[in-house]
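Taken verbatim from TrEMBL:
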type	residues	note
TRANSMEM	A:20-39	transmembrane segment
TRANSMEM	A:51-80	transmembrane segment
TRANSMEM	A:92-109	transmembrane segment
TRANSMEM	A:129-146	transmembrane segment
TRANSMEM	A:158-177	transmembrane segment
TRANSMEM	A:197-217	transmembrane segment
TRANSMEM	A:238-259	transmembrane segment
TRANSMEM	A:279-298	transmembrane segment
TRANSMEM	A:305-324	transmembrane segment
TRANSMEM	A:357-374	transmembrane segment
Amino acid sequence: MNTMTMNNKLINTRGDMIWALMAGALCLVGLAGLGNYLLQGHDAYNVYRQVPWGILISTYVFFAVCCTGLCLVSSLGHVFGFKNFEGIGKRAIAMAIIALVSGFVVIGLELGRPLALIYNLLSPNPSAPIWWMGTLYSIYLGVLLVEFTLMVRGMHKYVGYASLAGFIGGVAANSNLGSVFGLLDARPFWQGPFLPISIIVTAAISGCAIVILLMAHRYAREKMPEDIQRAVTATSKIFALLLGVLMFFEFWKVMSAIYGTVPGQYDAMMILLKGPLAFNYWGLEILLGMVVPFVLLMSSGGRSLGTAVVAAISTLIGLFFMRYNMVVAGQLVPLRAEVDAVGPSGLLSYTPSLTEIAITLGGFGLCLALYMAADRYFNLDEQGH
Amino acid sequence: MSQERKKRWVMVVDPDKCIDCKACDVACKRENGMDAGTDQQVYRNWITSKGVEGTYPYLKERFEPSQCQHCQNPPCVKVCPTSASYQTEDGLVAIDYKRCIVCASCILACPYDARYKSPQTKVIDKCTFCAHRIAEGKLPACVDTCPTKVRVFGDLNDPNSEVARLLATRHYRVLKPEQGTKPSLFYLS
């Protein structure tokens, strides 16, 4: 089948062509990274003994959290009965599946021996948060696929049940993802109940931001139906509210980390506040991720789609770096300050390699390409009930 | 038929005897076929300088040799999703290499920084207390090679063992007791 014919929806307009080129370019960059990884293995990454988790882990977390967030926003319609939100459900669930698949691809390239994952089934360890996270996200992917299939086939009678299962699965998988960090007692910056709980708020924020972008893109060239418009306005308002909650959470996270100067926790927080990750933290995570979108959304009252789109893009950039900052800052304080690797600052360092950056970009390219394909091959607009 | 008593392998370390010759590191690498090349991150045991004490000319530098603590409550075993990390009946923390997915969560869970990724096998590795030598009735290579006898290795469940006698008669400490890991390395003080 010729997918390049001009009446094909994938590249119907110039805008579609630009998106397709962007997705293709990112995928090519990702393939270059993959090639180097296949040639050099983990040596192509800048992770090492003291900093074994890098940008690929944080990118996986970003995708997985986005997946849950999309499911949460989608559930407002099918689970909690807000009728206006039913119109965005199918598109949101499609994107949730795509985000999770992209995340799995990225983390698959981070794991040294992904084929050994069979032992997740053959010799499971239920005391391991990663076992729960992997298992729950795998089940969750299955639930989302069922939910999407039911939506595509118009079996609305069962969509509600599948959505409820998706909502429960999403919350469970997402908080377990937080526990992968929160239950590492050796790392005081991550340890504690904060991450498993707060990650749900950031998931919902990602979900709101992506839903706004998906709908803005979908109705870029035609009038947005009224129910969708109401849903997008409501999403923008929820988005603003959640950003407020997130800033409140962030304030107390910082306060609790610096108040008692607990070793490992305090030092890691200072890395963010005025250390090597200060620009990432203040400029990208706080300003772009929280303050700018919050001010934009509050000033427009959530009624301007253009403003909401800018706020959504700003937040997603900020959330990407929030994951990166969280993953990296938690490892830069050495467990043994005397080791040779520690520089004069007393801290470890990590900068992603070109291969890691290429695979990260490839993950976004894959996500974009899969979404375009889903938009091409499925009708992602909700049918009437 | 007599029932064999369960062993508990431990190591007693007398840091005051350490001269930082690093023979333990070399013996460990030789015994376990570790080719670190130029990678300074590849090691199973290490010696940390605890700083210089006293005033000139009466100076003394203290060293602290260390390695995997073979904890009785090992966080690395808890976090391993595929049960690749496990505890043996005689108290060793071991790795079933074929099950390791190299997620590295055990590296992050270990408060002692005792784990690393092997450049040879490409999976996570660490000190095994030279389990293959113990099985043959030999001492771990680092114990065997130490010129000043910093390390004493033995079965703590045997009241006549040297480790049992040392721990019964000397003051000792463990590293990072606040982590609740119950290490099997005891430092004489």
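In case you wondered, yes, glycine gets a Cβ from its N, Cα and C as well.
A TrEMBL annotation is a machine prediction, not a hand-curated record.
Sequence-remote contacts of a segment are chain residues at least 6 beyond its ends whose Cβ falls under 8 Å from one of its Cβ atoms, and for the transmembrane segment (A:20-39) they are 10-11, 45, 109, 354-359, 361-366, 368-369, 372. At the 8 Å Cβ cutoff, the transmembrane segment (A:357-374) and the transmembrane segment (A:197-217) share fewer than 3 close pairs (sequence separation 6 or more) and do not count as touching. For the transmembrane segment (A:305-324), the most Cβ-contacting stretch among A:51-80, A:197-217, A:238-259, A:279-298 is A:279-298 (pairs under 8 Å). Nonlocal intrachain contacts for the transmembrane segment (A:51-80), taken as residues 6+ away from its ends with a CB within less than 8 angstroms of a stretch CB, comprise 45, 86-89, 92-93, 95-97, 99-100, 102-104, 106-107, 109-110, 137, 140, 144, 159-160, 163-164, 166-167, 170-171, 173-174, 177, 199-200, 202-208, 210-211, 231, 235, 238, 319-320, 323-324, 326-328, 331-332, 348-350, 352, 356-357, 359-360, 363, 367.
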